[in-house]
């Protein structure tokens, strides 16, 4: 709020004259202007305002204290000062509507010296914020208007007040009509003067006999219609004007009432919903007054008769008794328009058809429903008792004009219950939740969960439970301490003077300009005339000329509206010099802070926003976020944006398919029923509004693409197939089963897979997906046998690669496979025969009889046997009997024996087949080992150095297996024992050989006898060459030489 009076000039007090001034004895010092604080600051508290400092502080330790309004006078404790630093704090949010300014007295005294500053008065002005909604001066306005009133006739005025500063746009109210009930004969029968609130007739057509009363819903909004709004009600009664001539109803006769034509006896009636019958239930008798003279026949048409919903009402043809055939539901249909017809049975007369409206009366058969669950809200931990910070809302589908839909709210549980169980209260009518008790502490209890009940019948009827989650936001009640004694311009303050705090100017002032801000004055001005000038930002620096100062008075002016978004603060240097005297003040820095007004609309960071949502997404699934920014001060509600969805296109299957998180802008699924095949794209119109949703609004667009989910089961094009397949063929294609799928082509919800669910107990078939992804190919994986099973009936189902969404019926195809007979070879039983024999079985000894049978004719035809494959030629087979014998000695150590097993193929042929069909059997002989191989030393030639050689390890192998192999033992033989010695290694699978003494150069035959575990032995001769270790040739080739 700007200052316009000289009484705001604060004279800087002079120090005691017994203290010397630095460099001058003359009086001097700056006069401290008042400074401004914006109301409703969000802290953190205590919040540093400025550092007050005496010029003595450069030499001595000074102690500071404050007295006056907000210090030791009510409201006590609003301002505090640190004793030694002079830091001045405000301890709580200020409210301009409670107190617009504070006068504080600042005292400074020396701590260790007997000095003191003269007390100085500082005025703190509270700057207005738009924190009050308009209030109508009456809860209900009632007035009359003649039905013959001309267009433009003003007949009433509504008024609203606003507690904000009347000198700002915050209290400038504009009026508008937002609803007229009824809307007949047109919805704009009245108009309101947006400035005065005067209501006048806007359209001719008022008719008391048709519309005797109008209810107008009027909105009053501050900030010239762009800020907070309040609604009020005006009830207008249309008074009679003489615009209808009297009319005789009927003509009288001597017999009573005579009528030229028939008329109805009309019984108006209402029907209550949810009647329990019995049905059909009699409602009323409809009767023509012709029925007094002749029999009449009755019929009905219209809604509930021959129009949807058909058959709800019926009428007895001759009696006129009207019946309802089932319970009615007001929420489905609140009224029915029926046409009644009556014709003579025996005479040619007919009543004119008559319309009767059947009203369905409401019963309390609907529960309240919360508009969202959960509700989320924030509350500052420093919030006062009574501070309302969020609202929960519920709706009720019952008749809003009855108590059945009148909802009342209550809190039934608070978690946690600390510091007490009643920290919050709820407005039972509006659902507004407010602080009920002091003691919120974010550091202890950062979140509360309230269980809220909404009950209809004004709280006595059906009830529904919802949840409100409250986050306690920080008010920084552990404030850091901050020193700001030095000017950012680097200008030192003169001793013996007060430091001048910055002051605030609100942006977008409406003038008139130039507008006085404050008077800057030097104490020297009490004696000589002083001249003032300013330099710095907004003076002689860009934006030049924003501030000016009157040369002799020191009055500081702003020449144009300021814009915080262009520049948030200005640093100005004030200068004062004597006009006729050689005196000058040291230049002084003044900081002008520009306070924010809500003058910027939210701005969406992109438009449109694009997002994808699966059609099977669950309710509550969040899939995209819209974001808007606001150029206003982010530390105020001017930039606190809230989001809402105002339109959904298309509105199918219902107009509330999506919801938006009002704080984050996250869009989530609100209702099941997304269907890509019907509605593949949605366009949402999203509103971003500042002032937490109550301020300026901007519209953006969110385009949502519904992505495919597997909600269409694939269907077989043909569900029955009959095919023929030859027996014995593996990999034969049996059938191709084609399908169609309504999901998105190429997606996992469209591509298919198949399963055989019955008819294939032996596992003879497999089904795979064909190249087109929409066909199943059945093939054989095992040979079919005509003699065992001539027909298979397979049931095949088709599914998608992606699981179905919900419960979908799978499509099934039946494939009848007829097996074709082919000429089959004899079959060995078993196909693979395993026998065990010792490897030294005698030649011509019998091994086994291995026979086959004809699968088609049994033993009817003669079968002949022969060897198909015998790698070592060890076997023979009797061609008539299949008896297999040893043909030549077997050897388990043969390279054709794998893991002790020898495999041969035996063939069986039917003698009469042409060409003969050949069957094969596999004979596996497990050969048990005998000790028929002596151990052998692998190394046959080695070299030794004749001096200092290390022992040489010779490895030993035995073709036999344990227990006919190692561990081995070795003995030297003959002359070898004189010169050579042996030692077995730890595993006894090798032997160390070394000379017993130094040997001459030359070749030596070393004979070693090697025994296996069963003492079967063999002599092994090793050729050993001994060379002279000192010869290079020996060193080059002998790895056993040691130096």
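In case you wondered, yes, glycine gets a Cβ from its N, Cα and C as well.
Automatic prediction, not curation, is the source of TrEMBL annotations.
These numbers come from a predicted model, not from an experiment.
Taken verbatim from TrEMBL:
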type: DOMAIN; residues: 61-136; note: domain 'Cadherin'
type: DOMAIN; residues: 137-248; note: domain 'Cadherin'
type: DOMAIN; residues: 289-370; note: domain 'Cadherin'
type: DOMAIN; residues: 371-482; note: domain 'Cadherin'
type: DOMAIN; residues: 505-604; note: domain 'Cadherin'
type: DOMAIN; residues: 605-716; note: domain 'Cadherin'
type: DOMAIN; residues: 717-828; note: domain 'Cadherin'
type: DOMAIN; residues: 829-937; note: domain 'Cadherin'
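Helix, strand and coil content of the domain 'Cadherin' (289-370), in residues and according to DSSP, is 4 helix, 37 strand, 41 coil. With pairs at least 6 apart in sequence, the domain 'Cadherin' (505-604) and the domain 'Cadherin' (137-248) have 3 or more Cβ pairs within the 8 Å limit; the two touch. For the domain 'Cadherin' (61-136), residue counts in helix, strand and coil come to 0 helix, 37 strand, 39 coil, using DSSP. On the 0 to 100 pLDDT scale, the domain 'Cadherin' (137-248) averages 89 in the predicted structure. Sorting each residue of the domain 'Cadherin' (717-828) by its DSSP state yields 0 helix, 55 strand, 57 coil.
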